[in-house]
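Below is one structure, written out as structure tokens, with a few remarks after it.
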Amino acid sequence: MSSATASNTFFLHSCFLLFCLLSAPSCVSMFSGIETGDLEKRDDLFPQILRDEAVARLYELGKVSDASGYLERTFLSPASMRAINLIRKWMEDAGLRTWVDQMGNVHGRVDGANANAEALLIGSHMDTVVDAGMFDGSLGIVSAISALKAMHVNGKLQKLKRPVEVIAFSDEEGVRFQTTFLGSGAIAGILPGTTLEISDKREVMIKDFLKENSIDITEESLLKLKYDPKSVWGYVEVHIEQGPVLEQVGFPLGVVKGIAGQTRLKVTVRGSQGHAGTVPMSMRQDPMAAAAEQIVVLESLCKHPEEYLSYDGHCSDSTVKSLSTSLVCTVGEISTWPSASNVIPGQVTYTVDIRAIDDLGREAVIYDLSKQIYQICDKRSVSCIIEHKHDAGAVICDSDLSSQLKSAAYSALKKMEGDIQDEVPTLMSGAGHDAMAISHLTKVGMLFVRCRGGISHSPQEHVLDNDVWAASLATLSFLENLS
């Protein structure tokens, strides 16, 4: 998941916890740890490939790091280059034809029985945040390769009804250049040519960094990386949930209904800097007090939009209802100047992260919040500047793809567990994924995998071995029933 879109995922998932519990009432006692028993002997479950080898590969990839003592693998770093070679080897082992494009994405493709048909893309990202867990992104890559290898050893790979291409995207987290989806964005064709001019903290531009890695790229060649929409049938991504819902309801897998849209704001409040002991309270123009009031207003607005959101023709009843179940707002950074205990600040800056599945509702919240921020500034005789730093629309997953993924997950879990009385849960994603970028190219579907405690972007991130198995088996079932 993108670090730029990762804050407060817990709260968004929690909004859907009640729904999941109601839709799967007896799930809490199921799948708490699937008993393997005789499953080891089932040839159709491929435990050696889909579990043992897949888990071993995840741990092997988790050791490919630029840092000593923790996992860090950023865009085209030395560790990333080693990961590229490793992933290519695994793809070739699965019978796939491989190549690396000019943005560092690793591709593995099989044409199947009809090379001219629209291709299914399956992927996730191979980069990580700093001090990362080893399942974020990597699970989606490894599970796809494992499923195709199972088909390869079973003689079914060339019988696929359409081409299938696994893509390990080079950069989703945006750690080095502070811009997300460099890998998937190139494939989707949503990166402007000016992307190559973006610099890191050392003032090294992306195009120069690529040249350092023996990749010559121009604005023209960047645009040529875009896939022809007519050549692509759809995109599927398997990813850890990065939240607690699946663990709470006792299901290893869940289908993603959609990905929340996100807006990031930077608010700067300027007042009158002064001595903390000599300026009377009644005479202060304190930007910290103004910022504090604004943050409380934000919390009230986002906790209870039905009570605090003004309608003003910007927000319908249905939009407010949607916001009440999906809206989350976070102030993640705050700084003061000069930041001294005995000085009234002259300036306060803070960030606002707003996410919701309803784009109109999110825009209504931004409109109302901005209006109230300026009103508070006027009341307190301070000045305010609101900057829009990032905006991404919500993505609704394709209903047909989601239905197929749900059937595949159900089939996999039934094979592993036996009779299942409840439906596979459906969840929203509060975090951003490569599927958001690829949605500009084709229809998308996502499958979530349970992770312990909902923890992600942390060394404590963990997925049970049998849940890796379930994810790979569900991917295999999806591929075997591909239309």
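Every residue gets a Cβ built from N, Cα and C, even glycine.
Annotated Mn(2+) 1 binding site per Swiss-Prot: HIS125, ASP136, HIS239, in sequence order. The Mn(2+) 2 binding site feature in Swiss-Prot is assigned to ASP136, GLU173, HIS457. For 1-30, the entry in Swiss-Prot reads signal peptide, with the evidence type sequence analysis.
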Binding-site residues near HIS457 (Mn(2+) 2 binding site), in sequence order, restricted to HIS125, ASP136, HIS239 and a 10 Å Cα cut-off: ASP136
HIS239 (Mn(2+) 1 binding site): secondary structure state under DSSP, collapsed to three categories: strand
Secondary structure of HIS457 (Mn(2+) 2 binding site) (DSSP, helix/strand/coil): coil
Assigned element (helix, strand, coil) containing HIS125 (Mn(2+) 1 binding site), judged by DSSP: strand
Position of peak Cβ density within 10 Å, selected from the binding-site residues HIS125, HIS457: HIS125
Distance, GLU173 (Mn(2+) 2 binding site) to ASP136 (Mn(2+) 1 binding site) (CA atoms, angstrom): 10
Secondary structure of GLU173 (Mn(2+) 2 binding site) (DSSP, helix/strand/coil): coil
